[in-house]
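Participant: Residues or ranges marked as domain 'UvrD-like helicase ATP-binding' by TrEMBL: 6-285. If you look up TrEMBL, you'll see 27, 28, 29, 30, 31, 32, 33, 34 marked as ATP binding site. Look at TrEMBL and you will find 286-562 tagged as domain 'UvrD-like helicase C-terminal'.
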């Protein structure tokens, strides 16, 4: 163990060896947070002789949990960890698989992902005649989720609903929870809420977990919500050995319920806690850290800290002021090419392009495709979100839990079996009237009135087919069930009859699903359908990202947290885009945007390139943009500024280099013009003709660019 501790600096060593009592580790970006957590587990097992199953270590992504598990195995050598290392949701699901019966659930309950949740919300809205056109189902689902994060029941929510939107949400929320119960299903929020409910209200069940978890570690503590904090507090009541690791400067998920106050209040809730600060950074250059520190120090609500590194050398932060979003994208691509020429060891996969909103990726993707540069978008349509995969997974969900009516509705006529909308509605009505599940109603199709004979037979046939698979569930591994569904449901035949490239790709995806099931069985040592479905349900976008492929990575800044790249590009450094307009209504919102900027900058090992555009197309209109205030917060001596609107540059495809004459005068790119209000400026682009002629002018007085409609401007050429 002494050899193990030699790898750590002094604060890290303190965080690892302070095993008794509450500990809060404030771990700055790149300061070895994962190392501290893994070494702490290894120290508990190796030096303190703690049984692995007595340690609960929770984090926020399966990818992080897998990395943690792998590092611990490596540190301990041949020790097999029968441990509780995983995400909050995975740990809670594991508890509920054992204890859900005390809440009235069958232990084979389904876990609904976002698409299933949305389907159920829409079904509930339809039931109460709430139109999707006037009421956004996604907004309703988001509001329900936020209520669940605060453990607000449908009844309590209805009592406090004061405006029209919340009143409609309350109606849907009540039906939504009822639907989940009827389907023997839980959504992600239920996994947390129900586990906490067992801990608080079922002492005969909760005591064994409090006794079991002698040591608890929580990663990314700044991202915990109210329920997650309550969970770990409940579990730590017996032994009090709770270690939380986090960084208030990286709290960026308030929009999904994360509460930064959990970290700020930890030492109030646990006054005997030991506080450890990790400020030595092992990732970035000092210049990058100086820029990040300068930005984040503008936040008032934070624990004072300053990252430093022994890596004193480094390149300046580059700020490229692009003419428009196409110029911005092309510059990024050209700069990646230039860096790869200069540094032969640099690969595409060492470069990442971050942006504030998903919509920004379109232009960047277009330009990457045009330049024939390979890339991947993290958070786009992922493997498990593809239609054919979701269809087969829906079959598996019904086999695992026949009460899952959301999944049954998805596949009852997939592939087509002659079961139309009217037939399904009548089956639904029968299920509601008879107070049975949709699956049972389908099996009793002969009792459903007003059904055509062929529709009745189709329902009975699909019920018999699914019932056969339900019976096989206990006898065969998940891989065999996947294979049988693909081959015998008619799904593969449907795709084989389609000659398109898309159909061939979808067939290949089904083959890949078989491989995924086989790989899971091998890795987890569990071939059961329930285990495979749980693994699929708890996956996130970042879990599917494969960093071994040599592709440029595109992702939102929120997705980038926890990752690192040699070269980081942050596009769209403009006011109202980043910081986002929606965040500017409150100081809290602005501070979270600033933390997001800090997170983006500190992902970089060697180079940070920030880009902004003078104009950007938004909702079909070209708007003048202002550089982000975050650029002003970086000291000038740390920046290398490149103005893309001067000298050689690339311009929007819509803009022409030459322009027709208008009222006897010709305006061209590069011309000096005078405006009665803004003074002298230089034309950067020309678009349109005749009365629709517009020019983009950068005025010398304030160095701002404005789009000018020539007809109304009284613009004179100098």
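Cβ coordinates come from backbone N, Cα and C, glycine included.
No curator has checked TrEMBL annotations; they are predicted automatically.
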Participant: Around residue 33 (ATP binding site), how many other C-beta atoms are within 10 angstroms of its C-beta?
Facilitator: 23
Participant: Does anything in the same chain, at least 6 positions from residue 27 (ATP binding site), have a Cβ under 8 Å from its Cβ, and if so what?
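Facilitator: Same-chain residues close to residue 27 (ATP binding site) (Cβ under 8 Å, separated by 6 or more) are 33, 36, 245, 246, 247, 278.
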Participant: Which residues of the same chain, at least 6 positions away in sequence, have a Cβ lying under 8 Å from the Cβ of residue 30 (ATP binding site)?
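Facilitator: Same-chain residues close to residue 30 (ATP binding site) (Cβ under 8 Å, separated by 6 or more) are 281, 282, 283, 284, 307, 564, 602.
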Participant: Can you name every residue in this chain, apart from 27, 28, 29, 30, 31, 32, 33, 34, with its Cβ inside 8 Å of the center of the Cβ atoms of the recorded ATP site?
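Facilitator: Going along the sequence, the neighbours appear as 36, 247, 278, 281, 282, 283.
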Participant: Among all protein chains shown, how many Cβ atoms are found within 10 Å of the Cβ of residue 28 (ATP binding site), not counting that one?
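Facilitator: A count of 26.
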Participant: Is residue 27 (ATP binding site) helix, strand or coil when read with DSSP?
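Facilitator: Once the DSSP labels are grouped into three classes, residue 27 (ATP binding site) ends up as strand.
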Participant: Take the Cβ of residue 31 (ATP binding site) and count every other Cβ within 10 Å, whichever protein chain it belongs to.
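Facilitator: Other Cβ atoms within 10 Å of residue 31 (ATP binding site): 27.
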Participant: With H, G and I counted as helix, E and B as strand and the rest as coil, say where DSSP puts residue 32 (ATP binding site).
Facilitator: coil
Participant: Look at each of the binding-site residues, 29, 32, and point out the one with the fewest other Cβ atoms around it within 10 Å.
Facilitator: 32
Participant: So if I measure Cβ to Cβ from residue 34 (ATP binding site) and keep only same-chain residues at least 6 apart in sequence, which ones fall under 8 Å?
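Facilitator: In sequence order, the residues whose Cβ lies under 8 Å from that of residue 34 (ATP binding site) (at least 6 apart) are 64, 67, 68, 71, 219.
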